[in-house]
Amino acid sequence: MAAAASPSSMESAPRIMRLVAECSRSRARAGELRLPHGPVATPVFMPVGTQATMKGITAEQLDALGCRICLGNTYHLGLRPGPELIQKAHGLHGFMNWPHNLLTDSGGFQMVSLVSLSEVTEEGVRFRSPYDGEETLLSPERSVEIQNALGSDIIMQLDDVVSSTVTGPRVEEAMFRSIRWLDRCIAAHRRPDQQNLFAIIQGGLDAHLRATCLEAWLAKWCHVRTRDPRQQTPGHREAEQMTKRDVPGFAIGGLSGGESKNQFWRMVALSTARLPRDKPRYLMGVGYATDLVVCVALGCDMFDCVFPTRTARFGSALVPTGNLQLKKKQYEKDFRPIDPECACPTCQTHSRAFLHVLLHSDNTAALHHLTVHNIAYQLQLMSAVRASIVEKRFPDFVRHFMGTMYGDPTLCPTWATEALASVGITLA
Amino acid sequence: MKLSLTKVVNGCRLGKIKNLGKTGDRTMDVPGCLLYTKTGSAPHLTPHTLHNIHKVPAMAQLTLSSLAEHHEVLAEYKEGVGKFIGMPESLLYCSLHDPVSPCPAGYVTNKALQRSTIIGVIEGGDVMEERLRSARETAKRPVGGFLLDGFQGDPMTLETRLHLLSSVTAELPEDKPRLICSVSRPDEVLECIERGVDLFESFFPYQVTERGCALTFSFDYQPNPEETLLQQNGTQEEIKYVHQTKKIKTTGCNQEMTSFEINLKEKKYQGDFEPLVRGCSCYCCQNHTRAYIHHLLVTNELLAGVLLMMHNFEHYFGFFHSIREALKNDRLAQLKELIRRQAS
């Protein structure tokens with residue numbers, strides 16, 4: 001049921017991003033998203049609440065931490081409890097009683113990563129439900145239909161997801177298909193006034209090709225309309241075609257898989273260089289502190305990752321110097337809080353020693369304490385990043401951050417040093 | 001610590017334990033219950049979610065079995081177990097065993113703790129003579145109160161044990177509190193109160209939580225007529241279901257479901273957008289629906305335990321509040337009849 005690009009795709013999408021400040025050195029920006037369930041300051045980290053719950057912490061606790069946008073997963077919710085029930089419950093907001101913003105992904109990533117027997121065709125992704133064995137087709141139309149029922153403030157197009165370690169013609173095929181699927185998503189979207197549909201830029205990982213074409217890419221940008229599209233490299237064509245379809249925001253997908261960090265940052269930088277300045281850039285699946293800081297410098301505004309909440313449930317607490325594996329014996333008599341500078345409820349009340357004891361018991365409260373702290377850590381980090389951009393001291397912030405995390409500028413990972421250098425931030 | 005009784009009606013005692021706490025200015029109502037904890041924390045709950053619950057008891061129960069292995073750490077900490085577990089303001093009672101995973105009765109011993117009040121334990125099994133001897137001898141000692149041990153068990157021997165209980169409490173001084181361990185079900189609580197017991201453990205709401213259930217029994221002994229009709233209809237339907245689906249196995253709590261609760265895993269709750277209990281003031285009922293809890297249980301999400309624990313504790317503490325109110329207003333018979341009707 002592939003639909004050609006309808007007139008609606010040519011209409012101007014709402015401008016949901018307001019830029020508040022830009023770093024004069026790097027590409028870092030501070031801004032504000034205007035979303036149906038309230039404003040969101042950027043750069044922003046969005047915790048992942050997969051199945052309509054933030055893993056053991058209540059909506060009130062999440063609100064108290066200052067979270068104003070989090071994620072739900074279309075794949076999981078589409079199966080259990082299903083879009084019809086959620087619609088009856090007044091959408092995902094009503095179902096989980098979350099008053100702020102929600103972003104749902106399309107289900108594409110889970111389709112490919114979680115389901116061993118899935119088949120991708122032009123129609124969509126055909127798969128077997130792990131719960132009842134039933135065969136289903138997740139098409140661009142079906143994905144948007146489910147997300148319309150969920151009622152999330154930002155919805156994602158269904159993209160043809162290919163692992164970042166795959167090379168060859170499959171990458172190019174996935175790229176062009178994603179463009180066609182975006183058009184179908186735009187056409188199928190029934191609630192453009194209440195839900196913002198983001199496009200996802202794919203485009204492979206051929207670093208050599210990218211490096212060689214980068215300059216040519218920049219040169220072609222102005223003359224893009226006069227050139228025969230077939231002569232341009234896939235990456236160029238893809239980004240350029242995406243931006244013709246007016247969507248309120250863009251995601252950079254296909255990264256944060258098995259690729260090297262070296263390739264990773266270059267693809268991010270390449271993408272942010274091409275994407276419009278006045279629209280949000282959402283880098284999917286990124287959540288390690290260092291990655292967040294570097295990718296803000298590269299010009300990204302929004303991030304999501306299961307890492308902080310997942311690692312919490314394994315007893316790992318995030319701190320400016322890395323992480324504390326609180327189950328370890330070394331914390332048995334450590335009566336300090338996880339982080340004396342942290343304002344979260346866990347650090348205000350509990351010591352590492354008590355959390356150590358609790359983590360070795362079967363009381364789930366231990367996991368919740370760490371989930372609260374780790375989300376607080378991520379949100380406090382982004383707040384600090386934002387403040388530094390607004391106060392025109394972002395490069396200093398980055399240096400201080402890296403110094404704390406790695407002890408010495410020379411110990412900062414090479415890829416990060418290079419990525420920062422590429423946008424004018426030196427660490428030494 | 002001093003027990004001050006305001007009223008005794010048919011063996012049921014109503015009053016306050018006074019002069020508690022570090023500065024001796026805290027009080028505790030009786031009949032009452034203790035906040036059940038596991039390793040020094042209410043199950044599933046952080047201080048934030050615990051504070052969402054109304055009428056949390058002034059005294060929390062710690063179990064020595066969960067903290068004993070950490071005694072070296074506590075010694076080095078030097079600031080007391082209350083502060084260590086993040087409850088610096090709470091009154092604390094330390095029992096030897098965890099009522100949910102107990103040892104055989106009779107192995108309870110006194111544990112000497114500095115600046116703490118010692119509770120004497122009454123043993124004696126099912127033998128009247130031994131029970132009386134234990135009661136009389138313990139009563140002679142300078143203890144702050146009494147722990148009635150070994151009265152738990154299966155419903156078959158209930159009447160015998162209740163008879164024993166009456167005889168035991170008759171031997172105890174009136175002005176010292178009587179705590180019973182391992183008895184927590186609403187119907188059994190009332191039976192024990194009628195036989196002179198003052199304090200109970202609150203592990204029953206925890207067991208209900210672990211089997212994915214929510215307490216729904218009514219303790220509103222003077223409702224308006226419409227509410228009575230609605231509740232009666234609800235209760236009857238729920239009792240029908242209980243007879244069909246009695247045994248629910250959960251990890252660590254191989255307990256049977258009672259008729260005081262509903263099982264949120266049942267398919268019929270999938271599309272039920274009512275709160276767990278209409279009119280309940282707890283965080284869960286004020287913010288969420290049965291359908292949502294059902295979803296959380298089906299998907300094995302941690303939040304299910306958190307929300308159910310908040311509701312079940314609040315419901316249970318509300319029950320104890322109603323006991324005290326009923327005693328104050330001479331309505332315990334009505335409350336007892338209401339609970340009896342709902343017991344399976």
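Glycine residues also receive a Cβ, built from the backbone N, Cα and C atoms like all the rest.
Note that TrEMBL annotation is computational and uncurated.
Residues or ranges marked as domain 'tRNA-guanine(15) transglycosylase-like' by TrEMBL: A:26-216 (among others).
The Cβ of A:Asp105 (active site, proton acceptor) has 29 other Cβ atoms within 10 Å, all protein chains considered. Look at A:Asp105 (active site, proton acceptor): DSSP puts it in a strand. What TrEMBL lists as active site, proton acceptor is A:Asp105.
TrEMBL lists A:Asp105, A:Ser106, A:Gly107, A:Gly108, A:Phe109, A:Asp159, A:Gln202, A:Gly254 with the feature substrate binding site.
Look at TrEMBL and you will find A:237-405 (among others) tagged as domain 'tRNA-guanine(15) transglycosylase-like'.
Residues annotated as region 'RNA binding' in TrEMBL: A:285-291 (among others). When pLDDT values are averaged over the region 'RNA binding' (A:285-291), the model yields 97.
Residues or ranges marked as active site, nucleophile in TrEMBL: A:Asp304. Around the Cβ of A:Asp304 (active site, nucleophile), the number of neighbouring Cβ atoms within 10 Å comes to 23.
Here TrEMBL flags A:309-313 (among others) as region 'RNA binding'. If one looks beyond the region 'RNA binding' (A:309-313) by at least 6 residues along the same chain, the residues whose Cβ comes under 8 Å of a Cβ in the stretch are 47-48, 54-56, 323, 367, 370-371, 373-375.
TrEMBL lists A:Cys342, A:Cys344, A:Cys347, A:His373 with the feature Zn(2+) binding site. A:Cys344 (Zn(2+) binding site) falls outside any helix or strand according to DSSP and counts as coil.
In the three-state DSSP reading, A:Gly254 (substrate binding site) counts as coil. Sequence-distant contacts of A:Gly107 (substrate binding site), defined as residues of its own chain at least six apart whose C-beta falls under 8 angstroms from its C-beta, comprise A:Asn73, A:Thr74, A:Tyr75, A:Gly78, A:Leu138, A:Ser143, A:Ile146, A:Leu158.
Checked against A:Cys342 (Zn(2+) binding site) by C-alpha proximity, the recorded positions A:Asp105, A:Gly108, A:Phe109, A:Asp159, A:Gln202 yield A:Asp105 as the nearest. A:Cys347 (Zn(2+) binding site) is 35 Å away from A:Phe109 (substrate binding site) when you measure Cα to Cα. In this structure, the CA atom of A:Asp159 (substrate binding site) is 17 Å away from the CA atom of A:Asp304 (active site, nucleophile). The helix, strand and coil residue counts that DSSP assigns across the region 'RNA binding' (A:309-313) are 4 helix, 0 strand, 1 coil. Comparing the Cα of A:Cys344 (Zn(2+) binding site) with the Cα of every entry in A:Asp105, A:Ser106, A:Gln202, these being the recorded positions, the smallest distance points to A:Asp105. Around A:Cys347 (Zn(2+) binding site), a 10 Å sphere centred on its CB holds 22 further CB atoms from the protein chains shown. Packing around A:Phe109 (substrate binding site) is summarised by its Cβ count: 21 other Cβ atoms lie within 10 angstroms of its Cβ, all protein chains included.
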